[in-house]
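Student: My questions all concern the structure below.
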Amino acid sequence: MNDNAFTFQTLHPETIMDALFEQGIRVDSGLTPLNSYENRVYQFQDEDRRRFVVKFYRPERWSVDQIREEHQFALELVKDEVPVAAPLAFNGQTLLAHQGYHYAIFPSVGGRQFEADNIDQMEAVGRYLGRLHQTGRKRPFTFRPDIGLAEYLFEPRQVFEDAALIPSGQKAAFLKATDTLLSAVTECWRTDFATLRLHGDCHAGNILWRDGPLFVDLDDARNGPAIQDLWMLLNGNKAEQRMQLETIIEAYEEVSEFDTAEIGLIEPLRAMRLVYYLAWLIRRWGDPAFPKNFPWLTGEDYWQRQTTTFIEQTKILHEPPLQLTPMY
């Protein structure tokens, strides 16, 4: 997936509207960009006042087979009555192409922001995650990757080594902190967990609330442990996180089994996300949208803070993992 140098500068509004017109959709409103840096996503209304979202995928990030697997997973979830935003089919195809771009069209789904501190909402999310994972366990992804150390740690480490935008005065300390963190994660990482198809990026921003949860954006769907779709929902101090996790697991287990031994993967997964996110920003720096929206990435203070964050996360990895109350 060598997509580092790509930009969306050739994706003009006329190109988008032509692509939609090819599918029989006439745009009757403007194209409203939605918050997405990795892809380009727009909301619009057609002549019949129906609202849609069109998503143009970043070329070469995912293969055609990988995107189709994501779409198939979404459609399976809908069939199993799991509330997800799934792509629409045109002439039997959900993945469409126009002028070198692949794209998909979704119904526009409104909703309020999921309230991460609302225990009732957290319980409902836990129940539906159990159902989502029931579907995910039916078979693994064939083309999409597994969550693992190579993609999330070792490849990003090389990105840091090669990155010219990390200030020279901070690079040595940052790389040292990175290496220490990588060693700590490697020591406590496990591969004996049950693998299933995951949402992959299940945080509060990817859940809408409409008399219940609605999961959106399966772009990061992968194979991995169930805990990956739970830990990003936790917030606050350890006591608050314990209560939230117990709420999620209790609701989850109404419909699906959960291996509580996976709780020990929360902090390694958090460390992997920290490392991967920084490498992602560096890889995308050639896209003009990134320097514009992340101007602080070249600053000394920013990298000093990241070094401190990595050191603190290493300390957390050496502490006992989050513990549930004895009933679990």
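From the backbone N, Cα and C atoms, a Cβ is placed for every residue, glycine too.
So Swiss-Prot has the following annotated:
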type: SITE; residues: SER36; note: site 'ATP'
type: ACT_SITE; residues: ASP201; note: active site, proton acceptor
type: BINDING; residues: ASN206, ASP217; note: Mg(2+) binding site
type: ACT_SITE; residues: ASP217; note: active site
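Give me the structural setting of these features: burial, nearby parts and distances.
Tutor: The Cβ neighbour count for SER36 (site 'ATP'), using a 10 Å radius over every protein chain in view, is 15.
In the three-state DSSP classification, ASP201 (active site, proton acceptor) falls within coil. Neighbour density for ASP201 (active site, proton acceptor): within 10 A of its CB lie 18 other CB atoms from the protein chains shown.
A helical conformation is recorded for ASN206 (Mg(2+) binding site) in the three-state DSSP classification.
Following the DSSP three-state reduction, the secondary structure of ASP217 (Mg(2+) binding site) is coil.
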Student: Whole-number Å distance between the CA of ASP201 (active site, proton acceptor) and the CA of SER36 (site 'ATP')?
Tutor: 14
Student: Give the helix, strand or coil assignment DSSP yields for SER36 (site 'ATP').
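Tutor: The residue in question, SER36 (site 'ATP'), is coil (DSSP, three-state).
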Student: Rounded to the nearest angstrom, how far is the Cα of ASN206 (Mg(2+) binding site) from the Cα of SER36 (site 'ATP')?
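Tutor: Cα to Cα, SER36 (site 'ATP') and ASN206 (Mg(2+) binding site) are separated by 12 Å.
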Student: Cβ distance under 8 Å to ASP217 (Mg(2+) binding site), same chain, sequence separation 6 or more: which residues?
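Tutor: Spatial neighbours, sequence-distant, of ASP217 (Mg(2+) binding site): ALA85, ASP201, ASN206.
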Student: Let me check the 10 A CB neighbour count of ASN206 (Mg(2+) binding site). How many other CB atoms are there?
Tutor: 19
